[in-house]
Amino acid sequence: ELSLLRFLSAELTRGYFLEHNEAKYTERRERVYTCMRIPRELEKLMVFGIFLCLDAFLYVFTLLPLRVFLALFRLFTLPCYGLRDRRLLQPAQVCDILKGVILVICYFMMHYVDYSMMYHLIRGQSVIKLYIIYNMLEVADRLFSSFGQDILDALYWTATEPKERKRAHIGVIPHFFMAVLYVFLHAILIMVQATTLNVAFNSHNKSLLTIMMSNNFVEIKGSVFKKFEKNNLFQMSNSDIKERFTNYVLLLIVCLRNMEQFSWNPDHLWVLFPDVCMVIASETAVDIVKHAFITKFNDITADVYSEYRASLAFDLVSSRQKNAYTDYSDSVARRMGFIPLPLAVLLIRVVTSSVKVQGILSYACVILFYFGLISLKVLNSIVLLGKSCQYVKEAKMEEKLFSPPPASTPGKPPHKSQNKCKSSQEETLSASATSQPVHPKENVIPLLVTSSSDQFLTTPDGDEKDITQESSELKHRSSKKDLLEVDRFTICGNRID
């Protein structure tokens, strides 16, 4: 018989068994464990990527001037040794000279930009207007970075490609002026961005700085509810690495300008320290929350960040090979969208205007500081190279290091000598580029997947690392897709395929 007492008794004594749905609850527990692992795995990738950007950034100040000096020395002493080769300079030396000339020209052009007038002009604007300006500058910086490396690559290739007629060398001139204009405009853009951040630091109630930091949390809303594949997450990770390193350099510029205004009083540095920590902490918190929920909503494991780290390490190791076809700093620019030339021009401009060098002792300190930078660059490169070799070995990507770079260009048929090997590997390559078998055969060398737009280096083909080596155990993870090549337009947004 139905009664209220029996209903209450059934509600109080009703039981259930979670083990009846073991797979569901196991999956939920794994999601919690994945979210707990994300901060550690993400920060390991971020630290490695930031040191890669630092290596490419220090290269502009340390080894690039020495390489330019050696290239010019070879050019001026060439008549003494005679022309044994058709080329006056090697392609790498030509690119080094072009980078050095662009750097010097843009540095002198930046002297016509008054930082103080720009600071007072921005400071006179309202808080809301400055907030809008800062957002516009972020968008413009991404657009400039996405197109800037194309301009530089076009200049390098135009200057070094084999030419049948001497008249063809004239084409380098418009590309050179276009590259100088790009670096100059991008440096001004970053200067305005640094000036806006400086105004936020010096505001009395810190309202502008608070609004700018809260803008980072808006990024979570625009990212976590989108569908992400593994390649799209790799694009976002590279963009976050570039953004975090650029913010560090902007904070350095802000501290230099503020310390100059207070006559290098060390007490003022402790006044800036809480604001600097707030900016860095907000960036780190936003990245952790964003990646944690993206991996949760898209069922991506935390082990994917080790694959991303191995892919970045492969770029560094391959740039040291004899068959390398690009400089490492350019490889970082293509992969992450980080172009060091405009940022280096701005930093040199700020340092030379903030620090006055007078007397023999001051010049001696500058020389010692330069040798210190070289030592830091060499030490950083050695440590990164050792770590990269370790990551490449763990990812079993050694075989790809000896793969020759493809020689065909987009829109043109490959060489006749390549048709023989292409016919035997065409089916395998197409299968590797589109899909992955669940159980790949043993002793099969993974092929290097290349795109028709540009040649990048990728992570190895194949399945994810097995939890155990015994085939009798059940595998709950599905086979992963290839980490295909990532284009340089990653910083323009998160492209959803």
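Heads up, the Cβ atoms here are built off N, Cα and C, so glycines get one too.
Predicted, not measured: the structure shown is a model, and the values here were computed from it.
What TrEMBL lists as transmembrane segment is 46-73 (among others). Distant neighbours of the transmembrane segment (46-73): 89, 93-94, 96-97, 99-100, 103, 237-238, 240-242, 244-245, 248-249, 287, 309, 312-313, 316, 328-329, 332-333, 336, 338, 340-341, 343-344, 348, 370, 373-374, 376-377, 380-381, 383-384, 387; these residues of the same chain sit at least 6 beyond its ends, with a Cβ under 8 Å from one of its Cβ atoms.
Long-range Cβ contacts of the transmembrane segment (94-113) within its own chain (Cβ-Cβ under 8 Å, at least 6 residues beyond either end) map to 60, 64-65, 67-68, 71-72, 155-156, 159-160, 176, 179-180, 183-184, 187-188, 191, 327, 341-342, 344-346, 348-349. Sequence annotations record features per position, and here TrEMBL assigns transmembrane segment to 94-113 (among others).
Annotated transmembrane segment per TrEMBL: 176-201 (among others), in sequence order.
Below 8 angstroms of C-beta separation, residues 53, 56-57, 59-61, 99, 102-103, 106-107, 110-111, 115, 144-145, 148-149, 152, 183-184, 186-187, 189-191, 194, 241-242, 245-246, 249, 252-253, 256-257, 259-260, 329, 332 of the same chain, each at least six residues beyond the ends of the transmembrane segment (338-355), sit close to that stretch. The annotation transmembrane segment is assigned in TrEMBL to 338-355 (among others).
Panel annotation: around the transmembrane segment (361-386), residues 48, 51-52, 54-55, 58-59, 61-63, 316-317, 320 of the same chain, lying at least six beyond its termini, place a Cβ under 8 Å from a Cβ of the stretch. Here TrEMBL flags 361-386 (among others) as transmembrane segment.
Look at TrEMBL and you will find 402-480 tagged as region 'Disordered'.
What TrEMBL lists as compositional bias 'Pro residues' is 403-412.
Under the heading compositional bias 'Polar residues', TrEMBL lists 420-437 (among others).
Taken from TrEMBL, the feature compositional bias 'Polar residues' applies to 449-458 (among others).
The compositional bias 'Basic and acidic residues' annotation in TrEMBL covers 465-480.
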